[in-house]
Amino acid sequence: MLKIAEHEFHSRLFTGTGKFSSSKTMLAAIRGSESELVTMAMKRLDLKTGSDDILSPLLHSGVKLLPNTAGARNAKEAIFVAELAREVLNTNWIKLEIHPDPKYLMPDPIETLEAARELCEKGYVVLPYIHADPVLCRRLEEVGCAAVMPLGSPIGSNQGLATEPFLKIIIEQANVPVIVDAGIGAPSQALRAMELGADAVLVNTAIASSADPIAMGQCFAQAVQTGRAAYLAGLGQVSQQAINTSPLTGFLNDQ
């Protein structure tokens, strides 16, 4: 069981809502993935009605909705979006995303830390999307973030865990859940993140852009479960040289 703030999750696979061909496919894929936490960009909402074509189905699906601040370019804009989410969706949970560069969508560490500090002071449950920077993760933890969400590689790139050496450090040091977010493009990559000891992964593009999103959601669910089980079982140590798997009895010397 994964606990973030006061909420418990059975599934350690979190999903997104973008890039699906239809809301029907999206909902079916989410069900197939067994995900219990789904993130959605506030910029997709019609501010006049407080809705879009996927919000109502999501609210009725039983998943926990995690609004995000995608599109915010600085702390001020992100805080505004978080306050809007609390008013419209009646939630104090927010996925904090600040990426001023629209080409590479790299998260701004300075603005993210500033926004996180203020939002935590206002009582939000803040889950910041950030570079895989162990120092920044520690600072975000210190200001009160409920979890940290370091990237595996650029958003939507499907490049996998390009930041693995830094993810290992973050996981080792963290006192809050570590959710690997962005760039996970295959179930094997999600499995690897869980083997490292990540508490959860967030996957969107790899599922939504699949030829069969429903089946792919199921594949990711199985991969995350297997990776977590492998981590708990304890992986064998990696060696640079061969190690005998059978005892040396010397029986050949007796011939």
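Any Cβ shown, glycine's included, is placed from N, Cα and C.
For reference, Swiss-Prot has these:
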ACT_SITE  Lys95  active site, schiff-base intermediate with DXP
BINDING   Gly156, Ala182, Gly183, Asn204, Thr205  1-deoxy-D-xylulose 5-phosphate binding site
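Taking the features listed in Swiss-Prot, we show where each one sits on the structure.
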| residue | record | DSSP (3 states) |
| --- | --- | --- |
| Lys95 | active site, schiff-base intermediate with DXP | strand |
| Gly156 | 1-deoxy-D-xylulose 5-phosphate binding site | coil |
| Ala182 | 1-deoxy-D-xylulose 5-phosphate binding site | coil |
| Asn204 | 1-deoxy-D-xylulose 5-phosphate binding site | coil |
Sorry to bug you, but what's the C-alpha spacing from Ala182 (1-deoxy-D-xylulose 5-phosphate binding site) to the residue listed as 'active site, schiff-base intermediate with DXP', rounded to the closest Å? 13
Other C-beta atoms within 10 angstroms of the C-beta of the residue listed as 'active site, schiff-base intermediate with DXP' total 28
Which listed residue (Asn204, Thr205) has most other Cβ within 10 Å, given these are binding-site residues: Asn204
A correct count of other C-beta atoms within 10 Å of the C-beta of Gly156 (1-deoxy-D-xylulose 5-phosphate binding site) gives 18
Taking all protein chains shown into account, the Cβ-based neighbour count within 10 Å for Ala182 (1-deoxy-D-xylulose 5-phosphate binding site) is 27
Compute the centroid of the Cβ atoms of Gly156, Ala182, Gly183, Asn204, Thr205, then list the same-chain residues not in that set whose Cβ lies within 8 Å of it, in sequence order, for the 1-deoxy-D-xylulose 5-phosphate site. Gly16, Pro154, Ile155, Ser157, Asn158, Ile184, Gly185, Val203, Ala206
Nonlocal residues around Gly183 (1-deoxy-D-xylulose 5-phosphate binding site), in sequence order (Cβ under 8 Å, 6 or more apart): Leu151, Gly152, Ser153, Pro154, Ile155, Gly156, Ser157, Asn158, Gln159, Gly160, Leu161, Ala162
